[in-house]
């Protein structure tokens, strides 16, 4: 049938005024801030899982929080050899300002023209420190956790287990102020665990409390080789593309490219915006994200033989406290621990979160495969967390559920919740005895002590 001109016009008009939902996929915007690896600002992951509401006909009985510190300044490095360190970035910034790295300000629409009037916010003297936004993140999270689990807060004082680094302790304090306000000092008992081998299996910095792993630099060479391979693939094309924005005769090195990127991401962490980020394309941000993911996959993560050892002690402690809750062997209901991203990933690996990445099948280092489980941007952004919930449901059975950054991480290896549907829950005994985690839930502490030749300790902590 041949349509008249007026019919075509009416058809076009009706399409314009119709709902757009069927074509929204073509209009999705790329949010680069959600893809900055472990330096990402806090955001919820993209699990598309069940609702975070408490399951119907279930009562919350325990909550366990494993919490990363909030947004921070770059870490310190007195030798200024680490490209991501505050000292290295500070030196690079000065080179941009004094012309040692010569921006071509006469190049039309140079995205670096702002450098003429730019005042750096990254300072070497602030290395390692929690940022103001990091304090706000933790305060707000503390408030939200208290409101969500209010019925469990029925004792006078709560243990706050924290790794010893200042930014972690500060984060724990701000979180506690969010929970208890001015009454924080009276409501908390801070247990500060050293970040060295004296903490043994109680550590919240397992890399440093495992002498065999730390002293022998296990995973260091394989991780560096993975980075070298991948950076040889993706960094040089960025340097070639950006060279035109600098005076002729100056060619960016791959370290220069990484420095520009780190200024971008840390300015985002410190003040939520950065003109340097306009230098990079969406694909390039995803490739930097992959570089971060390689780090946490190979260094104590699921691509390492040591992941279940390093994460298993926490998992065993968690499992023991879940069992005590069921057996009425303890009246503790709230378990709080504050740590680093490098602690959380091995724990999640020991829990079976990354089944597609193994020592036998690690992430490739010659290409970005995009569809893989361990996205550090989603699992351990600044202020990232892992929450474990224990429920007693109307069928008189106990169930477990995990939340990652306040979104349900659906458990698929141990059955279903009381609804009989895939709702992210597992019945407790099935959860503890699932083949993906039973070695950690049952033997994690013993494995850590024996394989690490860890120091014994008389301190008892509860995660």
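Along the chain as shown, residues are numbered 1 onward.
Every residue gets a Cβ built from N, Cα and C, even glycine.
Swiss-Prot annotations:
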- 1-18: signal peptide (SIGNAL)
- 69: active site, nucleophile (ACT_SITE)
- 98: N-linked glycosylation site (CARBOHYD)
- 104: N-linked glycosylation site (CARBOHYD)
- 186: N-linked glycosylation site (CARBOHYD)
- 221: N-linked glycosylation site (CARBOHYD)
- 251: N-linked glycosylation site (CARBOHYD)
- 328: N-linked glycosylation site (CARBOHYD)
- 341: active site, proton donor (ACT_SITE)
- 433: N-linked glycosylation site (CARBOHYD)
- 439: N-linked glycosylation site (CARBOHYD)
- 458: N-linked glycosylation site (CARBOHYD)
From 251, 328, 341, 433, 439: recorded positions whose CA lies within 10 A of the residue listed as 'active site, nucleophile':
341
Rank the glycosylation sites 251, 328, 433, 439 by the number of other Cβ atoms within 10 Å of each Cβ, and give the residue at the low end.
328
For residue 221 (N-linked glycosylation site), just give me the three-state DSSP call.
helix
Going by DSSP, is residue 69 (active site, nucleophile) sitting in a helix, a strand, or coil?
coil
Spatially, which candidate from the recorded positions 104, 341, 439 is nearest to residue 328 (N-linked glycosylation site), comparing Cα atoms?
439
Using residue 439 (N-linked glycosylation site) as the reference point, find which of the glycosylation sites 98, 104, 186, 221, 251 has the shortest Cα-to-Cα distance to it.
221
Nearest by Cα to residue 251 (N-linked glycosylation site), of the recorded positions 98, 104, 186, 221, 341, is 104
Using C-alpha atoms, which one of the glycosylation sites 98, 104, 221 comes nearest to residue 433 (N-linked glycosylation site)?
221
Give me the CA-CA distance between residue 186 (N-linked glycosylation site) and residue 98 (N-linked glycosylation site), in Å, as a whole number.
52
Of the glycosylation sites 98, 104, 221, which one has its Cα closest to the Cα of the residue listed as 'active site, proton donor'?
221
Can you tell me how far the Cα of residue 221 (N-linked glycosylation site) sits from the Cα of residue 98 (N-linked glycosylation site), in Å?
36
Cα of residue 104 (N-linked glycosylation site) to Cα of residue 98 (N-linked glycosylation site), in Å and rounded, measures 13
Whose Cβ, among the glycosylation sites 98, 104, 186, 221, has more other Cβ atoms within 10 Å than any of the rest?
104
